[in-house]
């Protein structure tokens, strides 16, 4: 465990910005203990100012970590070591005394719902990595708020890091700087420690001037101590500790203790032509279009969608029983490939300035490029790939890494919701689950009850490309789109969701499931998607008001034949889009039951077992 050292240390590190005396006592102790351990040359207490940000960006440009993209205003490109490009589930752990606090004990094999590490193993791993790991580098102290500063739903963290890329990215993704330090006072904060794991002088040359230590990468969460400790990776999901580490893994555990929800969900506001507005939250696995839905331009005349957040929602019932949600983030950390003027015009407008791109391709005129950008190149313009080599479409490999990213301020989104920073949050009236299902699952259905809706979330599955190319596409279980992000035992998480129905005066949101990705026999999508998805949101909007007509099926309520507004669309095969096959659903419920019984085992709530049985029975009577 991180050592609890005595106060008043004789730090050899020189404080180059800020003053230790100005820090709250607990923050100062956290900093001094870890500075003594990691031995940086300098300490820089971040103030979050424009001036500081400009200096750090300039310094990274000089060191070759960032390149300036001259086509845009204050936009930058980082190319990472090719071994450090994504979250690494196998090296992401939660440390608790008891394994069962972190994951249910599966019937056989390993848990797919998280990775547990014992306290003893973590202590060994920590002591093998952190002593002296920041030698020759600067330790940056990043005070940050998840959620609007001062909101009752917000939480504060302090991240210590030796990566200026992390500082610049955290300034976009969180509210960061002096105002946060002033707000901490004697209050609680989550302690975040990050190192790229490359003390100076270097033992090996860097690739792309990108410091990382892939052999020793470890991302650990210590929920009982409110600590997140990350070593060896500079990539966003592993190093921007406010993101998945805090906002989902740590926060879901805090939420369980404090009676709220921390979820992998977008939040959007939708307004009908009469000016009535509702807020919806939606959970989809990666690459199923969360950001596209959150920033949609509706094709339906008179309808308007506005974005509160594209990735994470913190939700809590207020005294009146409304489920209130905030977006704890301050920016978007979006997947670049596939983003275009056609698929997401609002994202394209958002990223024209003040944006850090990572592992996308660069054009010779100082622009960015990726697969699916759908923009013609000016004549004579060449492309340099994310591997820093000249690239042409004949190369047989992508110019941008499939997980390449843009990190951009949410405030720049042209359709950001007026209430996106509202301290009390926005009232959620509908929750949407969804996945990429080429067969069997209809475009939309509504859960029969809160309990049934929780089961629908637990049963979420989505098509993923297997790592081994020859395996083709497989359908993966991804309950609540949270499978890589649960901060505690998934069985207890389900019980926590079910308990929301007991909340006094709770106005429970309706729960829906969508599938934009169903295909016909020729492998063509049956539904056009993107802006046309507003037609499905319209039906949900009217369902929440008790207006739209439905048909009861074994899996839930679907729209009656004429209930979806298809005006202006070409031919849509509604029969195929909404068909529910007995054979398919018998197999589906069997797979779901096996997964939940194997993986959640003794911790599966009896309400979920009852929902499985009831669904089986309804299907058998088809």
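Here the Cβ of each residue, glycine as well, is placed from N, Cα and C on the backbone.
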According to Swiss-Prot, which residue out of 91, 191, 560, 567 bears the annotation N6-acetyllysine?
91
Swiss-Prot annotation, Mn(2+) site containing 244, 264 - matching residue among 310, 311, 318:
311
Record feature N6-acetyllysine (Swiss-Prot), assigned residue among 14, 70, 290:
70
How many Å lie between the Cα of residue 311 (Mn(2+) binding site) and the Cα of residue 70 (N6-acetyllysine)?
29
Do you know offhand how many angstrom separate residue 244 (Mn(2+) binding site) and residue 237 (substrate binding site) by C-alpha?
6
Integer Å distance between the CA atoms belonging to residue 264 (Mn(2+) binding site) and residue 521 (N6-acetyllysine):
32
Using the residues the record lists for substrate (87, 235, 236, 237, 286, 403, 404, 405), what whole-number Å value is the largest Cα to Cα distance?
17
Nearest to residue 235 (substrate binding site) by Cα distance: which of the recorded positions 91, 264, 473, 524, 530 is it?
91
Restricting to the recorded positions 70, 90, 91, 530, which ones have a CA within 10 Å of the CA of residue 286 (substrate binding site)?
none
